[in-house]
Amino acid sequence: MRQAAATLSRLTGILNNFQKRPFHSNSPAGSPAVVKMSFNTLGAKEALELDKDIMSSGGFTLDQLMELAGLSVSQAVYKVHPPSKGDRILVFCGPGNNGGDGLVAARHLWYYGYKPTVYYPKKGKNEFYDRLSIQLQNLNIPFTTDYITALTQTDHILDAIFGFSFSGAVRAPFDEVIDAITSSSLPVTSVDVPSSWDIATGPPLDGPGKNFMPETLVSLTAPKPLVKYFKGRHFLGGRFIPPNLEEKYGLKLKDVYEGIDQVTELPN
Ligand SMILES: NC(=O)C1=CN([C@@H]2O[C@H](COP(=O)(O)OP(=O)(O)OC[C@H]3O[C@@H](n4cnc5c(N)ncnc54)[C@H](O)[C@@H]3O)[C@@H](O)[C@H]2O)[C@H](O)CC1
Ligand SMILES: [K+]
């Protein structure tokens, strides 16, 4: 009883927090119908600024943040699709830090009992992408270039292709990748944003991503404005924001996470 009351109070807290700074729709004509609730969101520019702040005044390094982001993602995957319900997961990694989160998540998932396969066609320049790849190779996690075949041999998908720095129309090779993921009808968990969606205006009106609707989204640090177009299970991860930055960005995350969890599910 006491536990039920505590959970209710926590959910009420989350709702209150995310209603503090409502995001009003500026959806272009013809884009999907608007939302169920108001969220406190971080636009691409704010998310980038917050990232810089955590690494300067916050004292973190990028690979520390990536490790925590990837850990959050792995926990959300486990909550939605535990390995007992299908242990094969195909991890699509893009060239930026979103892809790095995917590499970290793949490692954690392996330790939880999954059989990850990684598609990583454009490696990022930073040397820690090499180190993350070596860590996966040491676990004998396969890297594939044939994602078409891999899609027929997996139970679910982790989309770590693009995050909050994505803009414009999807360029090759990821345009065809997004189309193939969408047509596979497999359950997808997207890291931070559904890849190919505009950070502010959501799914593109045409081309790759038009019909892409992941089953699960793990927003990192704070939801991005595109969440208002998302219909699925929504988690928040990235439990590393210090109180001064929480306050600066109006995030109010204090009671959002429970116990040792690195993610929390947000009401839809
Ligand atoms: N504080 C946090 O929440 C943290 C989040 N992390 C993750 O980092 C990403 C943002 O990473 P960033 O490197 O800035 O960019 P992206 O991964 O989104 O991608 C950049 C990459 O994509 C290319 N690109 C951009 N647009 C297109 C396009 N239209 N077609 C093809 N390619 C495109 C661009 O050239 C770059 O190469 C955030 O979302 C989180 O997932 C950190 O891991 C930790 C801190
Ligand atoms: K993504």
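Cβ from N, Cα, C; glycine included.
What TrEMBL says about a protein is an automatic prediction, not a curated fact.
Now, the feature entries from TrEMBL:
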type: BINDING; residues: Asn97, Asn98, Gly99, Gly100, Asp101, Gly163, Phe164, Ser165, Phe166, Ser167, Gly168, Ala169, Asp192; note: (6S)-NADPHX binding site
type: BINDING; residues: Asn98, Asp159, Ser195; note: K(+) binding site
type: DOMAIN; residues: 47-253; note: domain 'YjeF N-terminal'
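TrEMBL feature annotations superimposed on the structure.
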residue	record	DSSP class
Asn97	(6S)-NADPHX binding site	helix
Asp159	K(+) binding site	strand
Phe164	(6S)-NADPHX binding site	coil
Asp192	(6S)-NADPHX binding site	coil
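Non-local contacts of Asp192 ((6S)-NADPHX binding site) by the CB criterion (under 8 A, 6+ apart in sequence, same chain) comprise Ala69, Asn98, Asp101, Gly163, Phe164, Val218, Ser219, Leu220, Lys224.
Within the set of binding-site residues Asn97, Asp159, Phe166, Gly168, Ser195, Asp159, Ser195 have a CB atom less than 6 Å from some atom of ligand 2. Using a 10 Å radius centred on the Cβ of Asn98 (K(+) binding site) and all shown protein chains, the other Cβ atoms total 26. Annotation for Ser195 (K(+) binding site): same-chain Cβ neighbours under 8 Å, separated by at least 6 residues, are Phe92, Gly94, Asn98, Asp159, Ile161, Phe162, Phe166, Val170, Phe174, Ile178, Gly209, Phe212. Fewest Cβ neighbours within 10 Å among the binding-site residues Gly99, Gly168: this applies to Gly168. Less than 6 Å separates the Cβ from ligand 1 in the case of Asn97, Asn98, Asp101, Phe164, drawn from the binding-site residues Asn97, Asn98, Asp101, Phe164, Ser195 in sequence order. Other residues of the same chain near the K(+) site, with their Cβ within 8 Å of the Cβ centroid of Asn98, Asp159, Ser195, are Phe92, Gly94, Gly99, Gly102, Ala160, Ile161, Phe162, Gly163, Ser190, Val191, Asp192, Val193, Pro194.
The Cβ of Asn97 ((6S)-NADPHX binding site) lies under 8 Å from the Cβ of Leu62, Met66, Gly124, Gly163, Ser165, each on the same chain and at least six residues away in sequence. The sparsest Cβ neighbourhood within 10 Å, among the listed binding-site residues (Phe164, Phe166), is found at Phe166. Within the group of binding-site residues (Asp101, Asp159), the Cβ with the highest number of other Cβ atoms inside 10 Å belongs to Asp101. In this structure the residues listed as binding (6S)-NADPHX are Asn97, Asn98, Gly99, Gly100, Asp101, Gly163, Phe164, Ser165, Phe166, Ser167, Gly168, Ala169, Asp192; their two most distant Cα atoms lie 22 Å apart.
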